[in-house]
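Trainee: One structure coming up, written as structure tokens, with questions to follow.
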Amino acid sequence: MSQPREQLAKVESNLSARVSSPKLVLDPPPDGGFHAWAQVVSGHLVVALTWGYSASFGVFQNYYENTLPQSPSEISWIGGVQVFCILFISAFSGRATDAGLAWEVVAIGSALLLLGIFMTSIATTYWHVFLAQGVCVGIGQGLMWLPSVTLISTYFLRRRVLAVTAAATGTSTGGIIFPAMIQNLIPVIGNTGFPWAVRCMGFVSLTMVIVILALLRTRLPPRRSGPLIEWRAFKEPAYMLFTLGIFILYWTLYFAFFYASHPFKYPMNPSVSLIIVINASGIPIRAPCGYLADRYIGPLNLLIPWVLLCGILMFCWALVSTVAGLYIFAVFYGLAVGAAMGLFAGTIPSLTKDLDKIGTRVGMVLTLISFGPLTGPSVAGALIARSGRGYVSAQMWAGGCLMGAVMALLAARLIITGFHVKVKV
């Protein structure tokens with residue numbers, strides 16, 4: 001009888017130690033398996049509905065300029081507010097994710113997204129469109145995006161950047177599907193083409209939302225205590241410099257998405273094709289970048305040269321004078337932006353050592369940079385209007401800012417690694 005009693009005492013001791021332990025010992029991320037890759041699929045669809053939809057705003061910009069009396073700079077506020085909402089709300093959706101409410105937050109965001117899309121289809125004035133497409137859709141996207149990316153990060157460790165990058169490819173997926181629907185449906189439907197094209201986008205989005213909610217699954221236990229903001233992060237120079245660099249990147253990033261087609265006064269269909277080219281060009285580069293970042297180089301090391309290329313291409317854009325040249329610019333800019341956006345999403349979790357705080361810290365940096373895309377497109381539009389519809393001043397502004405972003409990211413890396421070139425970070 002003594003042996004069973006000793007075994008029972010050991011079990012009780014182990015249980016007591018686990019209950020009294022302030023922090024549960026969690027299993028390491030599975031780095032694969034059905035549930036892990038299901039989060040990647042779900043995240044891919046979420047990114048298509050958030051960043052892919054936002055990257056398609058150039059289609060709406062062109063249409064609204066032809067149907068609304070507002071200036072291009074005023075119209076660009078719709079797209080800017082949409083992106084701002086995605087990023088700004090991330091601090092709140094990230095904290096809710098840490099608290100174990102990822103599915104509920106994504107479900108609420110999905111409902112707002114669908115409501116905003118269908119309300120856009122019946123909007124008739126600037127303020128109708130602003131509230132429906134800018135605010136309602138943007139808030140819904142902000143609630144959807146970060147929880148999905150955060151969940152992916154908790155399922156992967158060694159292949160985390162590859163998994164997040166694969167999900168980030170959804171930007172190109174959405175950036176192809178939604179403009180192509182507008183391009184092909186408006187001529188077929190006729191006078192009511194735009195409203196019904198937007199409604200069709202809503203029905204496609206509804207189908208994607210059903211799949212997303214069916215696959216979404218939380219792995220880590222909820223962390224219900226803790227502040228909304230981790231103030232300790234602001235004492236880390238590398239974290240702050242990285243945030244500054246990404247802020248500048250997003251300040252200028254959407255200039256080309258909103259205005260690339262306008263210097264040649266394209267009719268609507270060619271401008272839609274140009275947006276599709278920019279978005280599609282990012283597809284082949286994201287997965288290889290994720291693989292290289294995971295295995296050999298590191299996400300921050302790989303992010304810096306792609307941001308540098310974005311800046312160089314902005315300067316080169318000013319030299320383009322033909323339609324063929326503009327499409328060549330669109331291909332290379334799509335590659336550079338696709339790589340930068342994919343790596344950025346995978347870099348933030350790699351800078352966070354405590355998995356429990358991923359949602360909070362990622363949400364913080366995204367909220368800080370949200371003011372970039374809010375004002376950037378409008379600044380570009382104002383520069384274009386001030387120069388008599390010329391684009392050179394806006395292109396020089398964007399290129400110079402991106403060079404500043406490169407300097408900030410290089411400084412962040414220098415703080416982390418020193419002057420060691422071959423360190424993976």
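Using the three backbone atoms N, Cα and C, a Cβ is placed for every residue, glycine included.
Quick paste from TrEMBL:
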| type | residues | note |
| --- | --- | --- |
| TRANSMEM | 36-55 | transmembrane segment |
| TRANSMEM | 75-94 | transmembrane segment |
| TRANSMEM | 101-123 | transmembrane segment |
| TRANSMEM | 129-149 | transmembrane segment |
| TRANSMEM | 161-182 | transmembrane segment |
| TRANSMEM | 194-216 | transmembrane segment |
| TRANSMEM | 237-260 | transmembrane segment |
| TRANSMEM | 300-320 | transmembrane segment |
| TRANSMEM | 326-351 | transmembrane segment |
| TRANSMEM | 363-384 | transmembrane segment |
| TRANSMEM | 396-416 | transmembrane segment |
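I'd like these features described in context: how deep, what's nearby, how far apart.
Mentor: Note on the transmembrane segment (36-55): residues 29-30, 79, 82-83, 86, 106, 113, 137, 141, 144-145, 148-149, 151-152, 155-156, 163-164, 166-178, 205, 208-209, 211-212, 215-217, 254, 257, 275, 278-279, 341 of its chain, located 6 or more positions outside it, place their CB under 8 angstroms from a CB of the stretch.
Distant neighbours of the transmembrane segment (75-94): 50-51, 54, 57, 60-61, 64-65, 68, 105, 109, 126, 129-130, 133-135, 137-139, 141-147, 150, 228-229, 250, 254, 258, 358-364, 366-367, 369-371, 373-378, 380-381; these residues of the same chain sit at least 6 beyond its ends, with a Cβ under 8 Å from one of its Cβ atoms.
Within the chain carrying the transmembrane segment (129-149), a Cβ under 8 angstroms from the stretch's Cβ atoms is held by residues 39, 42-43, 46-47, 49-51, 53-54, 60, 64, 68, 77-90, 93-94, 96-97, 102, 105-106, 108-117, 119-120, 123, 164, 167, 212, 216, 345, 359, 362-363, 366, all 6 or more beyond its ends.
Long-range contacts of the transmembrane segment (300-320) within the same chain, counting only residues at least 6 positions beyond its ends with a Cβ under 8 Å from a Cβ of the stretch, are 242, 245, 249, 252-253, 255-256, 263, 289, 292-293, 326, 328-329, 332-333, 336-337, 339-340, 343-344, 347, 350-351, 391-392, 395-396, 398-403, 405-406, 409-410, 412-413, 416, 424-425.
Non-local neighbours of the transmembrane segment (363-384) in the same chain are 71-74, 76-77, 79-81, 83-95, 146, 229-230, 233, 239, 242-243, 246-255, 258-259, 348, 390-391, 393-394, 397-398; each lies 6+ residues outside the stretch with a CB under 8 Å from one of its CB atoms.
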Trainee: Is the transmembrane segment (326-351) packed against any residues at least 6 beyond its ends, judged by a Cβ distance under 8 Å, and which are they?
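Mentor: Same-chain residues near the transmembrane segment (326-351) but 6 or more away: 51, 149-150, 153, 160-161, 164-165, 167-169, 171-172, 238-239, 242, 246, 249, 253, 256, 260-261, 263-264, 274, 277-286, 289-290, 293, 298-300, 302-303, 306-307, 309-310, 313, 316-317, 320, 358, 361-362, 365, 425.
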Trainee: With Cβ-Cβ distances below 8 Å as the criterion, list the same-chain residues six or more beyond the ends of the transmembrane segment (161-182) that contact it, or say none.
Mentor: 36-37, 39-40, 43-53, 55-56, 58-59, 63, 148-149, 152-153, 155, 194, 197-198, 200-201, 204, 272, 275-276, 278-283, 286-287, 289-291, 293-294, 299, 334, 338, 341-343, 345-347, 349-350
Trainee: Is the transmembrane segment (396-416) close to the transmembrane segment (237-260), in the sense of at least 3 CB pairs under 8 angstroms with a sequence gap of 6 or more?
Mentor: yes
